[in-house]
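Scroll down for the structure; my scribbles are underneath it.
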Amino acid sequence: MENGFSLVPKEEEEEEDYSNEKSEDQTSYYLSTEMMKKVSFMAAPMVAVAASQYLLQVISIVMAGHLDELSLSAVAIATSLTNVTGFSLIFGLAGALETLCGQAFGAGQFRNISAYTYGSMLCLLLVCFPISLLWVFMDKLLELFHQDPLISQLACRYSIWLIPALFGYSVLQSMTRFFQSQGLVLPLFLSSLGALFFHVPFSWLLVYKLRFGIVGAALSIGFSYWLNVGLLWAFMRDSALYRKNWNLRAQEIFLSMKQFITLAIPTAMMTCLEWWSFELLILMSGLLPNSKLETSVLSICLTMSSLHYVIVNAIGAAASTHVSNKLGAGNPKAARSAANSAIFLGMIDAAIVSISLYSYRRNWAYIFSNESEVADYVTQITPFLCLSIGVDSFLAVLSGVARGTGWQHIGAYANIGSYYLVGIPVGSILCFVVKLRGKGLWIGILVGSTLQTIVLALVTFFTNWEQEVAKARDRVIEMIPQEII
């Protein structure tokens, strides 16, 4: 396929592009129309990629929900717990590649990209084993929280059959970052849509026609993740970067694993601590007097917030890619311009989504529930939800900038302080002491998100971008064999 059409650019073209990157016009120090176009063009297909991967589990829940109420409850609980204990952790750990691969690509060190990706796959696959062991005993964990024994057994069964999906997801996230760090979103877009289109009929076939029930719902997710991996592997093999730089030595792989783990732990903390705080919100709502109403309303608000986060997180991914590429290329002004352009786009997203949601605050809740009591309660919380969505728009973009520069440790500390030392305690007081119920819990999360956004915004504003270029250079040099240096 050397002379044929390829979805993956050849290495020679990549080298030429990034050698020219260093000599580009650097007058657009704060905002650049051209940079906003680049971020937008990358973010748009990344929305489809993230949404496609997100919908796989949603579709399986819908399929299980049409079996019976018991199956729906078991799959919903299992999905929540497997996300908290497994998928969120894998997603967070893989985020370290956004720093490592992105800066290596900007510096033209393509061999490093292969080493980091391979090292990431090995690390994440190893992490899957203890997670799988936990899932095998999921019923015992649920019984500790006084869940119904029958629901616990079904949830455990679903979790066990979801283990192949966990391993597929770990490889998929590494490969996703491999392409994302190079700005190659078309392979991601096509493979994700292909997996989604396969998943719908295949899940229906396993669940209903072959009568596998919830086991079929779990297996279909695993098949779809591995299909996505296979499609991306086909695209990767067509890349000159793969053919020339995949024959790695053991020393390179172990060195890449060391660097990966150093960044992966704080990256996972950034992602997981925020993710877990929202799950804790739902658990705390179950302690309220009218727990069914409170949990339903907060679940609806959380679903809407999660759907929005899929969009704005794509802008954060684009910001991460462009910032890391520019730092690796030794271009501090372009890196700052990329960060500012992404933040500006996040501001536009915050305004559009918040205003739209507030304008239809009396109607949108009926998408999720026909109960007027639920819809009225959602209407009361919507102003706080709009504020939360506005803050999340900035937070997702700033988190992307943090991953692109390698500030994950700052984000992790900010998460602990913002959510667990301030946000959740404030929410608990407002909920149980001031008697604001679910509204108080959501205000607490909003306070935590706002504090974290302020911290990351201040760090970004006062950043010495020339110093960040030097750090990126040191990180890249650490992976270059000594005999070459």
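First residue shown is number 1, and so on along the chain.
Every residue, even glycine, has its Cβ placed from backbone N, Cα and C.
Swiss-Prot lists 1-26 with the feature region 'Disordered'.
With a threshold of 8 Å between CB atoms, the same-chain residues lying at least 6 positions outside the transmembrane segment (41-61) that come near it are 72, 75-76, 79, 83, 172, 176, 180, 183, 185-186, 188-189, 192-193, 195-196, 199-200, 203, 217-218, 220-221, 224-225, 228, 306, 310-311, 313-315, 317-318, 321-322, 345. Taken from Swiss-Prot, the feature transmembrane segment applies to 41-61 (among others).
Taken from Swiss-Prot, the feature transmembrane segment covers 74-94 (among others), and the record attributes it to sequence analysis. Only residues 6 or more beyond the boundaries of the transmembrane segment (74-94), in the same chain, are considered here, and those with a CB under 8 A from a CB of the stretch are 57, 60-61, 64-65, 120, 123-124, 127-128, 131, 134-135, 138, 141-142, 147, 151, 154-159, 162, 166, 169-170, 173-174, 176-177, 214, 217, 264-265, 267-272, 275-276, 279, 282.
Sequence annotations record features per position, and here Swiss-Prot assigns transmembrane segment to 118-138 (among others).
Residues 49, 53, 78, 81-82, 86-87, 90-91, 94-95, 97-98, 101, 113, 117, 120-121, 124-125, 127-128, 131-132, 135-136, 138, 185, 187-188, 214-215, 218-219, 221-222, 225-226, 228-229, 232-233, 235-236 of the same chain lie 6 or more positions beyond the ends of the transmembrane segment (159-179) yet place their CB under 8 Å from a CB of it. Feature annotation from Swiss-Prot assigns transmembrane segment to 159-179 (among others).
The transmembrane segment annotation in Swiss-Prot covers 188-208 (among others).
Residues of the same chain lying 6 or more positions beyond the ends of the transmembrane segment (212-232) and with a Cβ under 8 Å from any Cβ of it are 53, 56-57, 60-61, 63-64, 67, 71, 74-75, 154, 157-159, 161-165, 168-169, 171-172, 175-176, 179, 187-188, 190-192, 194-196, 198-199, 202-203, 205-206. Residues annotated as transmembrane segment in Swiss-Prot: 212-232 (among others).
The transmembrane segment annotation in Swiss-Prot covers 263-283 (among others).
Annotation comment: Swiss-Prot describes 297-317 (among others) as transmembrane segment, evidence class sequence analysis.
According to Swiss-Prot, the transmembrane segment annotation covers 338-358 (among others). Note on the transmembrane segment (338-358): residues 30-32, 35-36, 38-40, 43, 304, 308, 311-312, 315-316, 318-319, 322-323, 326, 364, 382-383, 385-387, 389-391, 393-394, 396-398, 400-401, 404, 460 of its chain, located 6 or more positions outside it, place their CB under 8 angstroms from a CB of the stretch.
Here the transmembrane segment (381-401) has Cβ contacts under 8 Å with residues 98, 270, 297, 301, 304-305, 308-309, 312-313, 315-320, 323, 339, 342-343, 345-347, 349-351, 353-355, 357-358, 361, 364, 407, 411, 438-439, 442-443, 445-446, 449-450, 452-453, 456-457, 460 of the same chain, all six or more residues outside its ends. Positions annotated as transmembrane segment by Swiss-Prot, on the basis of sequence analysis: 381-401 (among others).
Taken from Swiss-Prot, the feature transmembrane segment covers 414-434 (among others), and the record attributes it to sequence analysis. Away from its own ends, the transmembrane segment (414-434) comes close to residues 269-270, 273-274, 277, 280-281, 284, 287-288, 440-449, 451-452, 455-456 of its chain (Cβ-Cβ under 8 Å, at least six residues beyond either end).
Annotated transmembrane segment per Swiss-Prot: 442-462 (among others), in sequence order.
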Considering the transmembrane segment (442-462), which listed stretch of 188-208, 263-283, 297-317 counts the most C-beta pairs under 8 Å: 263-283
Contact ranking winner - 118-138, 188-208, 263-283 against the transmembrane segment (297-317), Cβ under 8 Å: 263-283
